[in-house]
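**Student:** Right, I'll just put the structure down here and ask away after.
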């Protein structure tokens, strides 16, 4: 059995006890976000019990990431040696891929301790049936999942969408009704000055709400008088009107919406920008905000939706896998949260996908929330600095940790190993262990360690040289990705081929 709180505490304890201070925020002035992947393993003869949560299981953090930053287009490199996206969710996922590469090396060396067992095709492997993976993030993913209706009852703040107080709730992994919302925890954009005061203001019904300035990555905006709604923008008008109706349990109304700082994709539908609950259109693809220069990194909500169809292993490892490596659950820490928004962002947008290759499927991943707050979240730092006027800023560093024997820890800043000088950029010493070129080199070592007759067909059919070559040769993965883009994620921004031709 496991609960959302148990998974959250396991990740927080790993962060506290297994990682050094390097890369962590200075709690007097900095905050960060955390994400992790947890392996849940049941007894070998009790396959499936880890999902049902009915028996004792072994839980282990196998990958962890922190970070809030993202580089702009002008800092991207064609050599694959910079981290474009250092949001915690992406760092954790790339750290997980490093772990999977190590586990595949163990499998191809026929070591029983690997999480993989032989598949039915030559050179192919599959995950042991008694193992699942759970993704944890300390804050709601940026983008569509962070567009959350704010509901209130008279003179009460911080209520969840279904009318229950936050305090004291605990969620079992098998629960499907997990709609919690923390107080006013919002992720800021890089320009955010945390000295902005959060004000309590009275509304027409005599209740109170909070308001903050508009440069946050996740913000609250509040309902304006009815009218002046653009029904042609997207379906948000109908959805928000429905959300604004009073519920039977507590007569909750949508009085505002948490905003996301992620920007809509150029050429796609755009937000109305109407003050109040109509500000955002929901269900859109979004790119992460950058400081000045626009980024090419899709929001974490969009990336989770992609991983929920294609798996977390990426194109390279798919050469060796019979089936993708999927997440069984996504758990969010204590923060503003909506089950409806998470369901929409991660699952619903891609549920209708058809004509996927064998083994690929839109997963009904469990979406849960914990009541436990991350100690270095922006809200936690603010609560601990109530008497201080000091400005809070996002921590500039990102931490990657993988359950691998050699160099598990990796700390970066601005896309390179922390401490790298301008002169040192481009050297092997400047690279993160989870940048594209480093993961590619680990993959190449795996390929060369296997005799040709034991390689999968996709790696024996033709000469492959560049990162691009190997990715494109993963035919079933590319077919699935093409179907996903054409049917659901139409506006997805892909990196130009010139950024993928390194060796």
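Note that Cβ sites are derived from N, Cα and C of the backbone, with glycine treated the same way.
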**Student:** Starting from the 1D-myo-inositol hexakisphosphate binding annotation in Swiss-Prot that includes 94, 303, 306, 471, which of 59, 422, 423, 436 is the extra site residue?
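**Tutor:** Looking at 59, 422, 423, 436, the one Swiss-Prot places in the 1D-myo-inositol hexakisphosphate site next to 94, 303, 306, 471 is 436.
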**Student:** Hey, Swiss-Prot has Zn(2+) bound by 142, 300. Any idea which of 87, 102, 352 it lists too?
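**Tutor:** So the Zn(2+) site in Swiss-Prot includes 142, 300 plus, from the candidates 87, 102, 352, 87.
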**Student:** Ten-angstrom check, please: count other Cβ atoms within 10 Å of the Cβ of residue 94 (1D-myo-inositol hexakisphosphate binding site), all chains counted.
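**Tutor:** If we count other Cβ atoms within 10 Å of residue 94 (1D-myo-inositol hexakisphosphate binding site), we arrive at 27.
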**Student:** What whole-number distance in angstrom separates the two most remote CA atoms of the 1D-myo-inositol hexakisphosphate-binding residues 94, 303, 306, 436, 471?
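**Tutor:** It comes out at 18 Å between the most distant Cα atoms.
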**Student:** Taking DSSP as the reference, which of helix, strand or coil describes residue 87 (Zn(2+) binding site)?
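**Tutor:** Residue 87 (Zn(2+) binding site) sits in a strand per DSSP.
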**Student:** What's the CA-CA gap between residue 89 (active site, proton donor) and residue 300 (Zn(2+) binding site) in angstrom, rounded?
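**Tutor:** Residue 89 (active site, proton donor) and residue 300 (Zn(2+) binding site) have their Cα atoms 7 Å apart.
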**Student:** Looking at the binding-site residues 87, 303, which sits with the largest number of other Cβ atoms within 10 Å of its Cβ?
**Tutor:** 87
**Student:** Give me the Cα-Cα distance between residue 94 (1D-myo-inositol hexakisphosphate binding site) and residue 87 (Zn(2+) binding site), rounded to a whole Å.
**Tutor:** 11
**Student:** Measure from the CA atom of residue 87 (Zn(2+) binding site) to the CA atom of residue 436 (1D-myo-inositol hexakisphosphate binding site) and give the result in Å, rounded to a whole number.
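**Tutor:** If we compare the Cα positions of residue 436 (1D-myo-inositol hexakisphosphate binding site) and residue 87 (Zn(2+) binding site), the gap is 16 Å.
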